[in-house]
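A short worksheet on the structure shown next.
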Amino acid sequence: MKTSIRYALLAAALTAATPALADITVYNGQHKEAAQAVADAFTRATGIKVKLNSAKGDQLAGQIKEEGSRSPADVFYSEQIPALATLSAANLLEPLPASTINETRGKGVPVAAKKDWVALSGRSRVVVYDTRKLSEKDLEKSVLNYATPKWKNRIGYAPTSGAFLEQVVAIVKLKGEAAALKWLKGLKEYGKPYAKNSVALQAVENGEIDAALINNYYWHAFAREKGVQNVHTRLNFVRHRDPGALITYSGAAVLKSSQNKDEAKKFVAFLASKEGQRALTAVRAEYPLNPHVVSTFNLEPIAKLEAPQVSATTVSEKEHATRLLEQAGMK
(Lines of atoms letter the chains of each structure in order from A and count residues from 1; the text may use other names and numbers.)
(Lines give C-alpha, C1' and ligand atoms only; values in the text may rest on other atoms or scores of the structure.)
Protein backbone atom coordinates (compact mmCIF):
# COMPACT_ATOMS: atom_id res chain seq x y z
CA MET A 1 0.00 0.00 0.00
CA LYS A 2 2.79 2.40 1.01
CA THR A 3 4.66 1.53 -2.19
CA SER A 4 1.58 2.34 -4.28
CA ILE A 5 1.20 5.67 -2.55
CA ARG A 6 4.89 6.48 -3.14
CA TYR A 7 4.53 5.71 -6.89
CA ALA A 8 1.39 7.82 -7.10
CA LEU A 9 3.12 10.75 -5.39
CA LEU A 10 6.18 10.37 -7.64
CA ALA A 11 4.02 10.34 -10.79
CA ALA A 12 2.19 13.44 -9.59
CA ALA A 13 5.48 15.20 -8.89
CA LEU A 14 6.88 14.35 -12.33
CA THR A 15 3.69 15.58 -14.00
CA ALA A 16 3.86 18.83 -12.06
CA ALA A 17 7.54 19.27 -12.96
CA THR A 18 6.88 18.82 -16.68
CA PRO A 19 5.74 22.15 -18.17
CA ALA A 20 2.48 21.88 -20.09
CA LEU A 21 2.66 22.62 -23.79
CA ALA A 22 0.78 25.79 -24.67
CA ASP A 23 -1.83 25.99 -27.40
CA ILE A 24 -0.93 28.36 -30.24
CA THR A 25 -2.87 30.83 -32.36
CA VAL A 26 -2.11 30.99 -36.07
CA TYR A 27 -3.16 33.94 -38.19
CA ASN A 28 -3.80 32.05 -41.39
CA GLY A 29 -3.71 33.61 -44.85
CA GLN A 30 -3.25 30.25 -46.55
CA HIS A 31 -6.28 28.34 -47.86
CA LYS A 32 -8.14 27.14 -44.77
CA GLU A 33 -8.46 23.50 -45.89
CA ALA A 34 -4.70 23.20 -46.35
CA ALA A 35 -3.85 24.98 -43.10
CA GLN A 36 -6.33 22.87 -41.14
CA ALA A 37 -4.88 19.64 -42.53
CA VAL A 38 -1.38 20.62 -41.41
CA ALA A 39 -2.60 21.92 -38.04
CA ASP A 40 -4.42 18.65 -37.34
CA ALA A 41 -1.33 16.62 -38.28
CA PHE A 42 0.80 18.81 -36.00
CA THR A 43 -1.57 18.32 -33.07
CA ARG A 44 -1.53 14.56 -33.57
CA ALA A 45 2.27 14.57 -33.64
CA THR A 46 2.91 16.92 -30.70
CA GLY A 47 -0.25 17.29 -28.63
CA ILE A 48 -0.12 21.06 -29.18
CA LYS A 49 -3.50 22.45 -30.20
CA VAL A 50 -3.70 25.04 -32.97
CA LYS A 51 -6.34 27.75 -33.28
CA LEU A 52 -6.65 29.11 -36.82
CA ASN A 53 -7.85 32.65 -37.44
CA SER A 54 -8.27 32.76 -41.21
CA ALA A 55 -8.53 35.79 -43.49
CA LYS A 56 -6.67 37.33 -46.43
CA GLY A 57 -2.93 37.56 -45.86
CA ASP A 58 -2.73 41.31 -46.43
CA GLN A 59 -5.58 41.88 -44.00
CA LEU A 60 -3.90 39.74 -41.34
CA ALA A 61 -0.53 41.43 -41.85
CA GLY A 62 -2.21 44.80 -41.33
CA GLN A 63 -3.96 43.49 -38.23
CA ILE A 64 -0.68 42.22 -36.77
CA LYS A 65 0.94 45.63 -37.36
CA GLU A 66 -1.99 47.33 -35.61
CA GLU A 67 -1.93 44.93 -32.67
CA GLY A 68 1.83 45.21 -32.24
CA SER A 69 3.07 43.67 -28.99
CA ARG A 70 -0.55 42.94 -27.99
CA SER A 71 -1.18 40.53 -30.87
CA PRO A 72 -2.62 37.18 -29.75
CA ALA A 73 -1.05 35.53 -32.80
CA ASP A 74 1.94 33.24 -32.37
CA VAL A 75 2.42 32.34 -36.05
CA PHE A 76 1.60 34.03 -39.35
CA TYR A 77 1.01 31.57 -42.20
CA SER A 78 0.73 33.46 -45.47
CA GLU A 79 -0.26 32.44 -48.97
CA GLN A 80 2.04 35.14 -50.35
CA ILE A 81 5.58 36.16 -49.42
CA PRO A 82 4.99 39.97 -49.69
CA ALA A 83 2.73 39.88 -46.60
CA LEU A 84 5.56 38.27 -44.64
CA ALA A 85 8.02 40.81 -46.05
CA THR A 86 5.78 43.60 -44.73
CA LEU A 87 6.06 42.27 -41.18
CA SER A 88 9.77 41.57 -41.53
CA ALA A 89 10.36 45.17 -42.60
CA ALA A 90 8.49 46.30 -39.47
CA ASN A 91 10.74 44.08 -37.28
CA LEU A 92 7.76 42.10 -36.00
CA LEU A 93 9.12 38.63 -36.77
CA GLU A 94 11.31 36.30 -34.71
CA PRO A 95 14.43 34.79 -36.33
CA LEU A 96 14.01 31.10 -37.15
CA PRO A 97 16.53 28.31 -36.55
CA ALA A 98 18.74 27.37 -39.49
CA SER A 99 17.40 23.83 -39.21
CA THR A 100 13.94 25.13 -40.16
CA ILE A 101 15.12 27.49 -42.90
CA ASN A 102 17.18 24.74 -44.53
CA GLU A 103 14.30 22.25 -44.75
CA THR A 104 12.85 23.90 -47.85
CA ARG A 105 14.93 24.91 -50.83
CA GLY A 106 15.13 24.92 -54.58
CA LYS A 107 16.01 27.03 -57.58
CA GLY A 108 14.26 30.38 -57.34
CA VAL A 109 12.80 29.75 -53.87
CA PRO A 110 12.88 33.06 -51.95
CA VAL A 111 14.89 33.27 -48.72
CA ALA A 112 14.31 35.82 -45.95
CA ALA A 113 17.19 38.27 -45.67
CA LYS A 114 16.79 38.34 -41.88
CA LYS A 115 16.03 34.60 -41.63
CA ASP A 116 12.70 35.43 -40.00
CA TRP A 117 10.33 33.59 -42.35
CA VAL A 118 10.53 30.42 -44.40
CA ALA A 119 9.06 29.58 -47.82
CA LEU A 120 6.89 26.45 -47.70
CA SER A 121 5.13 25.67 -50.99
CA GLY A 122 4.83 26.92 -54.56
CA ARG A 123 2.01 27.44 -57.06
CA SER A 124 2.43 27.82 -60.78
CA ARG A 125 0.66 30.49 -62.79
CA VAL A 126 -1.00 28.77 -65.74
CA VAL A 127 -3.50 29.26 -68.55
CA VAL A 128 -6.59 27.09 -68.21
CA TYR A 129 -8.34 26.60 -71.56
CA ASP A 130 -11.50 25.06 -73.00
CA THR A 131 -10.53 21.96 -75.01
CA ARG A 132 -13.80 22.22 -76.98
CA LYS A 133 -12.60 25.50 -78.48
CA LEU A 134 -8.82 25.45 -78.33
CA SER A 135 -5.80 23.18 -78.58
CA GLU A 136 -2.27 23.82 -77.31
CA LYS A 137 -1.20 25.24 -80.69
CA ASP A 138 -3.82 27.98 -80.39
CA LEU A 139 -2.34 29.31 -77.16
CA GLU A 140 0.19 32.10 -76.77
CA LYS A 141 3.90 31.68 -76.13
CA SER A 142 3.86 34.64 -73.71
CA VAL A 143 1.25 35.74 -71.19
CA LEU A 144 1.72 39.28 -72.53
CA ASN A 145 0.01 38.28 -75.77
CA TYR A 146 -3.32 37.60 -74.06
CA ALA A 147 -3.83 41.33 -73.49
CA THR A 148 -4.58 41.94 -77.18
CA PRO A 149 -7.64 42.37 -79.45
CA LYS A 150 -7.32 38.74 -80.57
CA TRP A 151 -8.51 37.67 -77.09
CA LYS A 152 -11.31 40.20 -76.69
CA ASN A 153 -13.98 38.73 -74.39
CA ARG A 154 -12.16 35.37 -74.52
CA ILE A 155 -9.57 35.65 -71.72
CA GLY A 156 -10.39 35.82 -68.01
CA TYR A 157 -8.35 36.95 -65.02
CA ALA A 158 -8.76 37.66 -61.28
CA PRO A 159 -7.27 41.11 -60.58
CA THR A 160 -7.82 40.93 -56.81
CA SER A 161 -5.76 37.74 -56.51
CA GLY A 162 -2.45 38.07 -54.69
CA ALA A 163 -0.85 35.81 -57.30
CA PHE A 164 -2.03 38.15 -60.07
CA LEU A 165 -0.32 41.04 -58.28
CA GLU A 166 2.87 38.98 -58.04
CA GLN A 167 2.64 38.30 -61.76
CA VAL A 168 2.61 42.06 -62.34
CA VAL A 169 5.79 42.31 -60.25
CA ALA A 170 7.37 39.60 -62.41
CA ILE A 171 6.51 41.46 -65.62
CA VAL A 172 8.04 44.66 -64.22
CA LYS A 173 11.24 42.80 -63.32
CA LEU A 174 11.50 40.87 -66.59
CA LYS A 175 10.04 43.26 -69.16
CA GLY A 176 9.91 46.68 -67.52
CA GLU A 177 7.24 48.95 -66.05
CA ALA A 178 5.94 50.13 -69.43
CA ALA A 179 5.32 46.55 -70.55
CA ALA A 180 3.52 45.74 -67.30
CA LEU A 181 1.24 48.77 -67.58
CA LYS A 182 0.51 48.02 -71.24
CA TRP A 183 -0.40 44.43 -70.28
CA LEU A 184 -2.73 45.57 -67.52
CA LYS A 185 -4.45 48.12 -69.76
CA GLY A 186 -4.83 45.46 -72.46
CA LEU A 187 -6.43 43.00 -70.04
CA LYS A 188 -8.70 45.75 -68.76
CA GLU A 189 -9.84 46.53 -72.32
CA TYR A 190 -10.04 43.05 -73.82
CA GLY A 191 -10.26 40.57 -70.94
CA LYS A 192 -13.03 39.66 -68.51
CA PRO A 193 -12.35 40.17 -64.79
CA TYR A 194 -13.59 37.69 -62.18
CA ALA A 195 -13.74 37.93 -58.40
CA LYS A 196 -11.69 34.77 -57.85
CA ASN A 197 -9.47 32.33 -59.73
CA SER A 198 -12.02 29.58 -59.07
CA VAL A 199 -14.79 31.66 -60.65
CA ALA A 200 -12.62 32.32 -63.72
CA LEU A 201 -11.95 28.58 -64.00
CA GLN A 202 -15.66 27.81 -63.82
CA ALA A 203 -16.33 30.39 -66.54
CA VAL A 204 -13.94 28.51 -68.86
CA GLU A 205 -15.49 25.17 -67.93
CA ASN A 206 -18.97 26.59 -68.66
CA GLY A 207 -17.90 27.91 -72.06
CA GLU A 208 -18.37 31.58 -71.13
CA ILE A 209 -14.76 32.37 -72.08
CA ASP A 210 -12.05 30.42 -73.87
CA ALA A 211 -9.22 30.67 -71.35
CA ALA A 212 -8.18 32.24 -68.03
CA LEU A 213 -5.04 33.11 -66.08
CA ILE A 214 -5.13 31.21 -62.78
CA ASN A 215 -3.03 29.18 -60.32
CA ASN A 216 -2.53 25.50 -61.10
CA TYR A 217 -4.09 24.11 -57.92
CA TYR A 218 -7.60 25.39 -58.68
CA TRP A 219 -7.81 23.15 -61.71
CA HIS A 220 -6.27 20.15 -59.94
CA ALA A 221 -8.82 20.39 -57.12
CA PHE A 222 -11.66 20.72 -59.63
CA ALA A 223 -10.42 17.79 -61.74
CA ARG A 224 -9.96 15.59 -58.68
CA GLU A 225 -13.50 16.36 -57.52
CA LYS A 226 -15.22 15.88 -60.90
CA GLY A 227 -12.88 13.30 -62.44
CA VAL A 228 -10.40 14.50 -65.05
CA GLN A 229 -12.27 12.61 -67.78
CA ASN A 230 -15.41 14.62 -66.98
CA VAL A 231 -14.02 18.15 -67.32
CA HIS A 232 -13.68 20.22 -70.50
CA THR A 233 -10.59 22.14 -69.43
CA ARG A 234 -6.84 21.52 -69.31
CA LEU A 235 -3.79 23.47 -68.20
CA ASN A 236 -1.26 25.15 -70.45
CA PHE A 237 2.19 25.89 -69.03
CA VAL A 238 3.71 28.94 -70.73
CA ARG A 239 7.31 27.94 -69.86
CA HIS A 240 10.57 29.46 -71.29
CA ARG A 241 11.07 31.86 -68.34
CA ASP A 242 8.04 33.93 -69.32
CA PRO A 243 6.14 35.84 -66.59
CA GLY A 244 3.23 33.54 -67.43
CA ALA A 245 5.23 30.65 -65.95
CA LEU A 246 5.76 32.40 -62.62
CA ILE A 247 5.83 30.35 -59.42
CA THR A 248 4.45 32.13 -56.34
CA TYR A 249 5.24 30.99 -52.81
CA SER A 250 3.61 30.61 -49.41
CA GLY A 251 5.52 30.94 -46.15
CA ALA A 252 5.29 31.24 -42.39
CA ALA A 253 6.88 33.10 -39.49
CA VAL A 254 6.84 33.34 -35.70
CA LEU A 255 5.88 36.71 -34.21
CA LYS A 256 8.26 38.47 -31.84
CA SER A 257 5.27 39.22 -29.61
CA SER A 258 4.37 35.53 -29.20
CA GLN A 259 4.12 34.32 -25.62
CA ASN A 260 4.56 30.74 -26.84
CA LYS A 261 7.67 30.97 -29.00
CA ASP A 262 8.87 27.41 -28.41
CA GLU A 263 5.57 25.91 -29.52
CA ALA A 264 5.27 28.41 -32.38
CA LYS A 265 8.74 27.51 -33.67
CA LYS A 266 7.83 23.83 -33.45
CA PHE A 267 4.80 24.51 -35.65
CA VAL A 268 6.76 26.41 -38.31
CA ALA A 269 9.42 23.68 -38.26
CA PHE A 270 6.64 21.12 -38.78
CA LEU A 271 5.28 23.09 -41.75
CA ALA A 272 8.69 22.80 -43.41
CA SER A 273 9.27 19.17 -42.42
CA LYS A 274 8.53 16.06 -44.47
CA GLU A 275 5.50 15.27 -42.29
CA GLY A 276 4.04 18.76 -42.58
CA GLN A 277 4.65 19.01 -46.32
CA ARG A 278 2.99 15.62 -46.86
CA ALA A 279 -0.07 16.75 -44.91
CA LEU A 280 -0.31 19.91 -47.02
CA THR A 281 0.21 18.31 -50.41
CA ALA A 282 -2.24 15.50 -49.70
CA VAL A 283 -5.12 18.01 -49.85
CA ARG A 284 -3.76 20.82 -52.02
CA ALA A 285 -2.02 20.70 -55.39
CA GLU A 286 0.86 22.94 -54.35
CA TYR A 287 4.49 22.13 -54.98
CA PRO A 288 6.26 20.95 -51.80
CA LEU A 289 9.56 22.74 -51.22
CA ASN A 290 10.98 20.02 -49.01
CA PRO A 291 12.99 17.97 -51.54
CA HIS A 292 12.04 14.70 -49.83
CA VAL A 293 8.30 15.10 -50.49
CA VAL A 294 6.31 14.33 -53.65
CA SER A 295 2.77 15.63 -54.18
CA THR A 296 -0.15 13.19 -54.30
CA PHE A 297 -1.50 15.20 -57.24
CA ASN A 298 -0.31 14.58 -60.79
CA LEU A 299 1.63 17.84 -61.04
CA GLU A 300 3.79 18.93 -63.91
CA PRO A 301 7.35 18.44 -62.58
CA ILE A 302 8.58 21.75 -61.22
CA ALA A 303 11.83 21.46 -63.20
CA LYS A 304 9.82 21.33 -66.44
CA LEU A 305 7.89 24.53 -65.70
CA GLU A 306 10.83 26.66 -66.87
CA ALA A 307 9.71 29.35 -64.44
CA PRO A 308 11.41 32.76 -64.33
CA GLN A 309 13.70 33.15 -61.33
CA VAL A 310 11.88 36.16 -59.91
CA SER A 311 9.43 36.66 -57.06
CA ALA A 312 7.86 39.47 -55.08
CA THR A 313 9.69 39.59 -51.76
CA THR A 314 9.62 43.26 -50.77
CA VAL A 315 6.93 45.67 -49.68
CA SER A 316 7.96 48.27 -52.28
CA GLU A 317 7.58 45.78 -55.17
CA LYS A 318 4.07 44.94 -54.11
CA GLU A 319 3.13 48.61 -53.63
CA HIS A 320 4.55 49.42 -57.07
CA ALA A 321 2.42 46.69 -58.67
CA THR A 322 -0.67 47.97 -56.84
CA ARG A 323 -0.09 51.47 -58.23
CA LEU A 324 0.13 50.04 -61.75
CA LEU A 325 -3.23 48.31 -61.26
CA GLU A 326 -4.66 51.67 -60.19
CA GLN A 327 -3.21 53.39 -63.26
CA ALA A 328 -4.77 50.71 -65.47
CA GLY A 329 -8.18 51.29 -63.86
CA MET A 330 -8.35 47.87 -62.19
CA LYS A 331 -8.64 49.21 -58.64
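Every residue, even glycine, has its Cβ placed from backbone N, Cα and C.
The Fe cation site in Swiss-Prot is built from HIS31, TYR217, TYR218 plus one of GLU79, GLU177, GLU263, namely GLU79.
Neighbour density at the Cβ, taken as the number of other Cβ atoms within 10 Å, is lowest among the binding-site residues GLU79, TYR218 for TYR218. Least crowded of the binding-site residues (HIS31, TYR217), judged by neighbouring Cβ atoms within 10 Å of its own Cβ: HIS31.
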